[in-house]
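**Student:** One structure coming up, written as structure tokens, with questions to follow.
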Amino acid sequence: MKPTLCFLFILVSLFPLIVPGNAQCSFESLVDQRIKEALSRQEPKTISCTSVTSSGRLASCPAGMVVTGCACGYGCGSWDIRNGNTCHCQCSVMDWASARCCRMA
């Protein structure tokens, strides 16, 4: 056998040991394992929502809840959320305001 061919044969047979493919796979499996462990420790969360309607321009959510949407009387579509828990209808004449309030349970 020629020396070049012999060297090539040795190099090809050692190639799987040189390539760090196993190191990458073990790192990925370690990361996957850690993610699965973290997810298994979490408790499932549910969302709990309710609507609050009041007369006037303001509708406030109960303690611990945040506004996720507002509705206003007289077809008013102009509103904003104040302090994260109160709907404020911005039209000049307003008979009612409603807030959709939610929390994670």
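Every residue, even glycine, has its Cβ placed from backbone N, Cα and C.
What you see is a predicted model, and the numbers here were worked out from it, not measured in a lab.
Pasting the relevant annotations from Swiss-Prot:
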type     : residues     : note
SIGNAL   : 1-23         : signal peptide
DISULFID : CYS49-CYS102 : disulfide bond
DISULFID : CYS61-CYS101 : disulfide bond
DISULFID : CYS70-CYS87  : disulfide bond
DISULFID : CYS72-CYS89  : disulfide bond
DISULFID : CYS76-CYS91  : disulfide bond
**Student:** List the Cα distance (Å, whole number) between CYS101 (disulfide bond) and CYS89 (disulfide bond).
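**Tutor:** Just about 16 Å between their Cα atoms.
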**Student:** Pull out the disulfide-bonded residues from the set CYS70, CYS72, CYS76, CYS89, CYS91 whose C-alpha sits within 10 Å of the C-alpha of CYS61 (disulfide bond).
**Tutor:** none
**Student:** If I take the Cα of CYS102 (disulfide bond) as reference, which of the disulfide-bonded residues CYS72, CYS87, CYS89, CYS91 has the closest Cα?
**Tutor:** CYS87
**Student:** Could you list the residues of the same chain, at least six apart in sequence, whose Cβ is under 8 A from the Cβ of CYS49 (disulfide bond)?
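**Tutor:** Expected: THR68, ARG100, CYS101, CYS102, ARG103.
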**Student:** I need the least crowded one of these disulfide-bonded residues (CYS72, CYS89, CYS91), counting other C-beta atoms within 10 angstroms of each C-beta.
**Tutor:** CYS91
**Student:** Reduced to three states, what secondary structure does DSSP give CYS87 (disulfide bond)?
**Tutor:** strand
**Student:** Between the Cα atoms of CYS76 (disulfide bond) and CYS70 (disulfide bond), find the distance and write it as a whole number of Å.
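**Tutor:** The Cα atom of CYS76 (disulfide bond) is 11 Å away from the Cα atom of CYS70 (disulfide bond).
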**Student:** Could you list the residues of the same chain, at least six apart in sequence, whose Cβ is under 8 A from the Cβ of CYS70 (disulfide bond)?
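**Tutor:** Non-local contacts for CYS70 (disulfide bond): ALA59, TRP79, ILE81, CYS87, HIS88, CYS89, ALA97, SER98, ALA99, ARG100.
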**Student:** Which Cβ among the disulfide-bonded residues (CYS61, CYS76, CYS87, CYS101) has the fewest C-beta neighbours inside 10 Å?
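**Tutor:** Selected from the disulfide-bonded residues CYS61, CYS76, CYS87, CYS101 on minimum Cβ neighbours within 10 Å: CYS76.
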